[in-house]
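Chemist: According to TrEMBL, the feature compositional bias 'Basic and acidic residues' maps to 488-499. The annotation compositional bias 'Polar residues' is assigned in TrEMBL to 502-513. The annotation domain 'Major facilitator superfamily (MFS) profile' is assigned in TrEMBL to 48-448. Under the heading region 'Disordered', TrEMBL lists 485-513. Under the heading transmembrane segment, TrEMBL lists 53-72, 84-101, 113-132, 139-158, 178-198, 210-230, 263-282, 294-314, 334-354, 361-387, 393-414, 426-448.
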Amino acid sequence: STPPKDTDMEVPDAAMNSGDKKFALPVDSENKATEFRIYSAAAPHMRAFHLSWVSFFACFVSTFAAPPLLPIIRDNLNLTSTDIGNAGIAAVTGAVFARITMGTACDLFGPRLASAALILLTAPAVFCSAMANSPMSFLLVRFFTGFSLATFVSTQFWMSSMFSAPVVGTANGVAGGWGNLGGGATQLIMPVVFSLIRDIGATKFTAWRIAFLIPALFQTLSAFAIFFLGQDLPDGNYSRLQKSGDKHKDNFKQVLYHAVTNYRGWILALTYGYCFGVELTVDNIIAQYFYDRFNVNLHTAGIIAASFGLANLFSRPGGGLLSDVVAKKFGMRGRLWTLWIVQMLGGLFCILLGKVGSLGVSVAVMLIFSVFVQAACGLTFGVVPFVSRRSLGVISGMTGGGGNVGAVLTQVIFFRGSRYSTETGITLMGVMMICCTLPILFIFFPQWGGMFCGPSSKGITEEEYYMSEWNSTEKDKGFHKASLKFADNSRSERGKKVDSALTPSNETPPTHV
């Protein structure tokens, strides 16, 4: 019999090449890597991974460079507690809109151009932090610097474009977690940089300003690295693939429509608002909380605060890995159950953190809380890549933006002004976390099921779910081919218990390419 055309040919899971292309990692039929080798920097898969987490790390360092130096900046600019609260809110507000826009930009132009452009556009705000001379100018530089946190969306989009279903949770978790490490690392980096500059001979009010040049430079260099070394997809950059006809330029209205009409995206945006949103809030308040409540010095408060963020080294990646491991046996239903349990436990430890009154116990509870809240973030992005294939960027942007909305609301309600003490605010934040985790119970995929029920009795397949995002005209033009391959590769989400429920994984999908 004649061999199938190259475009329709399925690549065996362990194959290292597809057509004329050769890859350092095994790939699936979309040329996405089926293994995640953390110590490799092989192009394009692992190089994209390292570029994405380093640049996101740089943006986190920039955005949270101010909190560890606040006791100095506070005296220099005469900031009140309300000014500090407003600036903290401003830092995470800008990213709400930036993240949703970033998702759309990734869908239309690719993650390489989208992230490099945003990082370069926000770098001047970090440089300008050194010139802040009033509460308003301090608020504005934090607001514009915060836009850079939208690189999270391009990071997750890029990983979902480079890694296959069995390892996408791990790739998303490690890239997001190591990027988030910047929130903890900056608590250590900025006081050290400040001390060095002051010891050289600068006054403390000059030293904090010069210190901001370090994160600004780091952020700028990371943007150039992405632009010159990165690649959008395993097969090449969007622009080249669109010119050659291998990838069509998608319709913005259709991409947006299929994202906003998918209720699963909205639920994940809400729940992410109370795992990542809580993490951002804690990044903003925790150093000052320990400094004020337990009378520790600035350096000690910085180390305690850093330990919360630095848990991302293993906790968020652990969440992503756990999502993939559970999915091998229990499929998507396992991913949802694990997310719900871990985030609920995070809420309970958050309540406890606000209740304990001794320094040692507070630090211990904070560390346990950090592991659960960050693992929940990793688990969330073990589910996100499967919500939509066509509108992956917008869904990622909605979810990521939800994280920032949660951070803004939490800080406005509980940590702005003096309505609540910080410890009461932390406890109430834990209650909110538990309440906002409950909607995960309502997420249902007709081809895989939900937390309490199996797949739809109508026998809907993965192909039918992802093909519903394309109309007949688009299918006639072949625009849906990538979605069809993704549907085939996502059959692993049935789990071993229902592996042969519908279409056996070694058969051709029922929908013709």
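Note that Cβ sites are derived from N, Cα and C of the backbone, with glycine treated the same way.
The model shown is predicted, which means the values in this text are computed figures rather than measured ones.
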Chemist: Is it true that the transmembrane segment (178-198) and the transmembrane segment (334-354) have 3 or more Cβ pairs under 8 Å, skipping pairs fewer than 6 apart in sequence?
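Modeler: Stretch pair does not touch.
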Chemist: Using Cβ atoms and a strict cutoff of less than 8 Å, what residues sit near the transmembrane segment (334-354) while being 6 or more residues removed from its termini?
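Modeler: Those are 169, 271, 274-275, 278, 319, 322-323, 326-327, 362, 365-366, 368-369, 372-373, 375-376, 379-380, 382-383, 423-434, 437, 440-441, 443, 450-451, 493, 495, in sequence order.
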Chemist: What residues elsewhere in the chain lie close to the transmembrane segment (263-282), defined as a C-beta under 8 angstroms and at least 6 residues from its ends?
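Modeler: Here the qualifying positions are 92, 180, 183, 308, 339, 343, 346-347, 350, 370, 373-374, 376-377, 380, 383-384, 387-388, 394-395, 398-411, 415, 429, 432-433, 436-437, 439-440, 442-443, 445.
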Chemist: Counting CB pairs under 8 Å, which listed stretch among 113-132, 139-158, 210-230, 294-314, 426-448 touches the transmembrane segment (53-72) the most?
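Modeler: Checked against 113-132, 139-158, 210-230, 294-314, 426-448; highest Cβ contact count belongs to 210-230.
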Chemist: Is the transmembrane segment (113-132) packed against any residues at least 6 beyond its ends, judged by a Cβ distance under 8 Å, and which are they?
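Modeler: Same-chain contacts beyond the flanks: 52, 55, 58-59, 62, 65-66, 73, 77, 98, 102, 105-106, 138, 141-142, 144-145, 147-148, 150-151, 154-155, 158, 209-210, 212-213, 215-216, 219-220, 222-224, 226-227, 230, 232, 238.
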Chemist: Who are the chain neighbours of the transmembrane segment (294-314) in space, where the CB to CB distance is under 8 Å and they lie at least 6 residues beyond its ends?
Modeler: 64, 67-68, 71, 177-178, 180-188, 191, 282-283, 286-288, 359, 362-363, 366-367, 370-371, 374
Chemist: Which bits of the chain, at least 6 residues beyond where the transmembrane segment (426-448) starts or stops, bring a Cβ under 8 A of a Cβ in it?
Modeler: 264, 267-268, 270-271, 273-275, 278, 281, 289, 331-333, 336, 339-340, 343-344, 346-355, 373, 383, 386, 406, 410, 413-414, 420, 455-456, 458, 460-462, 464-465, 493-494, 502
Chemist: I'd like to know the mean pLDDT over the domain 'Major facilitator superfamily (MFS) profile' (48-448).
Modeler: 92
